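Here is the structure we will look at, set down as structure tokens.
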Amino acid sequence: MIKKASLLTACSVTAFSAWAQDTSPDTLVVTANRFEQPRSTVLAPTTVVTRQDIDRWQSTSVNDVLRRLPGVDITQNGGSGQLSSIFIRGTNASHVLVLIDGVRLNLAGVSGSADLSQFPIALVQSVEYIRGPRSAVYGSDAIGGVVNIITTRDEPGTEISAGWGSNSYQNYDVSTQQQLGDKTRVTLLGDYAHTHGYDVVAYGNTGTQAQPDNDGFLSKTLYGALEHNFTDAWSGFVRGYGYDNRTNYDAYYSPGSPLVDTRKLYSQSWDAGLRYNGELIKSQLITSYSHSKDYNYDPHYGRYDSSATLDEMKQYTVQWANNIIIGHGNVGAGVDWQKQSTALGTAYVKDGYDQRNTGIYLTGLQQVGDFTFEGAARSDDNSQFGRHGTWQTSAGWEFIEGYRFIASYGTSYKAPNLGQLYGFYGNPNLDPEKSKQWEGAFEGLTAGVNWRISGYRNDVSDLIDYDDHTLKYYNEGKARIKGVEATANFDTGPLTHTVSYDYVDARNAITDTPLLRRAKQQVKYQLDWQLYDFDWGITYQYLGTRYDKDYSSYPYQTVKMGGVSLWDLAVAYPVTSHLTVRGKIANLFDKDYETVYGYQTAGREYTLSGSYTF
């Protein structure tokens with residue numbers, strides 16, 4: 001059975017690995033309840049991706065990392081840097097909470113959903129990904145799941161890397177972490193990435209004029225962190241990063257008007273924290289500030305022309321979290337405060353606005369014999385829509401040694417974004433979107449196979465839709481999502497296998513029509529092995545049929561997009577103990593497919609890279 005001490009000492013060895021790239025159940029995660037705990041004690045399905053996984057996959061974007069994970073469906077308007085959406089278990093892209101080191105991603109407050117095509121892969125040291133409701137812990141947005149991107153580096157040393165590939169792709173990266181005495185360490189990183197790209201849009205989706213040009217992407221990134229241990233229990237940190245991106249895209253063109261087809265994004269974030277890590281009590285206080293400027297403009301006229309748009313947001317947050325060990329588990333409590341300030345014109349609002357939110361939450365985890373219980377409750381006080389409460393509860397029963405049944409229920413919500421509230425078509429009387437979710441799961445270890453199978457249902461109400469007749473946003477939509485998820489990982493001799501299957505039936509509960517851009521079925525398979533010092537990896541992904549809208553003519557028609565099977569091949573060779581050379585072929589069989597109707601994907605792509613560590 002699961003050892004009770006595992007909840008106290010974070011050193012359990014159990015069968016329950018919850019499908020992760022790092023398959024050790026001892027892996028510590030912080031996202032589930034904001035404090036470190038073994039992944040095996042988290043009842044929600046959880047995936048952990050390490051930097052070693054990212055290097056082995058040779059991913060050049062965050063989207064390429066996330067697309068491999070269970071329950072994730074990513075759509076993108078073309079290649080690198082183009083607009084993308086993350087759907088988790090069939091929910092809307094705006095129903096995914098994206099955190100950077102536990103702090104809400106700033107830009108999501110403007111658009112209502114996180115576009116991770118712009119976030120630099122160089123900053124990602126690990127990813128913790130939890131499926132299911134988490135609003136009772138984090139507040140708004142956590143309906144489909146939570147993605148926590150962690151930038152903290154674990155190992156000291158210096159790495160220099162470079163890569164080249166198809167479509168004139170090039171990447172140069174330098175990072176270092178140095179120990180200053182016994183108690184202080186400094187981390188620095190600089191990254192440059194550029195691709196000429198390709199023409200992403202077929203004629204018809206850009207108005208009356210084709211735009212046969214390359215739609216490229218350029219990103220420059222800087223990162224710095226200082227960490228200091230004052231005593232064995234007290235520590236603190238200061239951290240900051242910024243990136244400067246330029247994206248060329250194909251836009252809808254009206255004759256006689258400027259062609260707005262270039263995006264320039266400036267983003268910077270700073271945070272500082274103080275932590276206490278005692279034997280029974282843990283506490284942390286974190287403050288953060290982030291500022292983003294997102295321009296869209298015609299390069300012939302520049303960013304400051306009247307035809308250009310600017311979305312600008314400043315975000316301030318304070319988080320105070322506490323955790324105490326009680327019995328064979330723990331209790332946590334904390335307060336979140338957030339202020340978002342927008343400039344005039346952001347998200348087409350007529351004036352600048354401030355929005356404040358204060359959340360108070362309580363979490364608990366306890367083991368009683370063969371049973372594990374988890375619960376959370378939260379109350380948010382928002383300056384726009386007032387108070388809103390959420391809660392969730394889960395129970396796990398190890399009915400046979402190595403086999404567990406889990407049942408859970410949770411509520412969650414999504415606050416209306418600033419454009420929906422205050423934009424030209426906005427409605428300041430909007431309520432939050434609300435969700436009720438149920439899930440049942442079995443998991444275990446059978447003949448060396450770590451497996452989990454779960455079924456879930458998610459009813460979402462008060463969805464915010466645009467009314468063509470009144471030209472306003474209203475809470476009038478409903479969605480009903482049912483799904484099955486199965487995951488497994490196992491070894492056969494020198495081969496390591498990781499596989500997942502997703503079936504998602506996501507429908508408009510009023511019209512009973514499928515929700516757009518969600519694949520009904522997905523199969524994902526990762527095979528890794530080593531042969532004569534070469535590390536090989538094969539990635540397979542099947543994307544099932546999905547529906548979308550054809551916007552090339554009015555009235556817009558619903559179109560059905562066929563499924564596709566995709567293969568990637570990656571290989572790495574350690575030339576010396578310091579120098580590693582890597583190569584990859586993505587979309588090995590050059591499949592022609594789209595995830596957004598009318599926006600082409602890249603086809604077969606090659607990359608070659610090398611890294612030197614010392």
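Glycine residues also receive a Cβ, built from the backbone N, Cα and C atoms like all the rest.
Quick look at what Swiss-Prot lists:
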- 1-20: signal peptide (SIGNAL)
- Leu83, Ser85, Asn92, Val110, Ser111, Ala251, Thr309, Arg517, Tyr551: cyanocob(III)alamin binding site (BINDING)
- 155-614: domain 'TBDR beta-barrel' (DOMAIN)
- 169-178: transmembrane segment (TRANSMEM)
- Asp199, Gln211, Asp213, Asp215, Asp250: Ca(2+) 1 binding site (BINDING)
- 217-227: transmembrane segment (TRANSMEM)
- 232-248: transmembrane segment (TRANSMEM)
- 263-277: transmembrane segment (TRANSMEM)
- 328-337: transmembrane segment (TRANSMEM)
- 403-417: transmembrane segment (TRANSMEM)
- 449-458: transmembrane segment (TRANSMEM)
- 473-490: transmembrane segment (TRANSMEM)
- 494-509: transmembrane segment (TRANSMEM)
- 517-529: transmembrane segment (TRANSMEM)
- 535-550: transmembrane segment (TRANSMEM)
- 558-572: transmembrane segment (TRANSMEM)
- 597-614: motif 'TonB C-terminal box' (MOTIF)
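Sequence features, as recorded in Swiss-Prot, placed on the structure.
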residue: Leu83; record: cyanocob(III)alamin binding site; Cβ neighbours (10 Å): 17
residue: Asn92; record: cyanocob(III)alamin binding site; Cβ neighbours (10 Å): 26
residue: Asp199; record: Ca(2+) 1 binding site; Cβ neighbours (10 Å): 16
residue: Gln211; record: Ca(2+) 1 binding site; Cβ neighbours (10 Å): 20
residue: Asp213; record: Ca(2+) 1 binding site; Cβ neighbours (10 Å): 15
residue: Asp215; record: Ca(2+) 1 binding site; Cβ neighbours (10 Å): 27
residue: Asp250; record: Ca(2+) 1 binding site; Cβ neighbours (10 Å): 25
residue: Thr309; record: cyanocob(III)alamin binding site; Cβ neighbours (10 Å): 15
residue: Tyr551; record: cyanocob(III)alamin binding site; Cβ neighbours (10 Å): 13
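Take the Cα of Asp213 (Ca(2+) 1 binding site) and measure to each of the binding-site residues Leu83, Thr309, Tyr551: the nearest one is Leu83.
Here the candidates are the binding-site residues Leu83, Asn92, Thr309, Tyr551. The one whose C-alpha lies nearest to that of Asp215 (Ca(2+) 1 binding site) is Leu83.
Across the fold, the C-alpha of Asp199 (Ca(2+) 1 binding site) and the C-alpha of Asn92 (cyanocob(III)alamin binding site) stand 27 Å from each other. Helix first, then strand, then coil: DSSP counts for the motif 'TonB C-terminal box' (597-614) stand at 0 helix, 10 strand, 8 coil. Taking Leu83, Asn92, Thr309, Tyr551 as the binding-site residues under consideration, the smallest Cα distance to Asp250 (Ca(2+) 1 binding site) is found for Leu83. Between Thr309 (cyanocob(III)alamin binding site) and Gln211 (Ca(2+) 1 binding site), the C-alpha separation comes to 21 Å.
Calculated from their C-alpha atoms, the gap between Tyr551 (cyanocob(III)alamin binding site) and Gln211 (Ca(2+) 1 binding site) amounts to 16 Å.
Rounded to the nearest whole angstrom, the C-alpha distance between Leu83 (cyanocob(III)alamin binding site) and Gln211 (Ca(2+) 1 binding site) is 17.
Separation of the C-alpha atoms of Asn92 (cyanocob(III)alamin binding site) and Gln211 (Ca(2+) 1 binding site): 30 Å, rounded to the nearest whole number.
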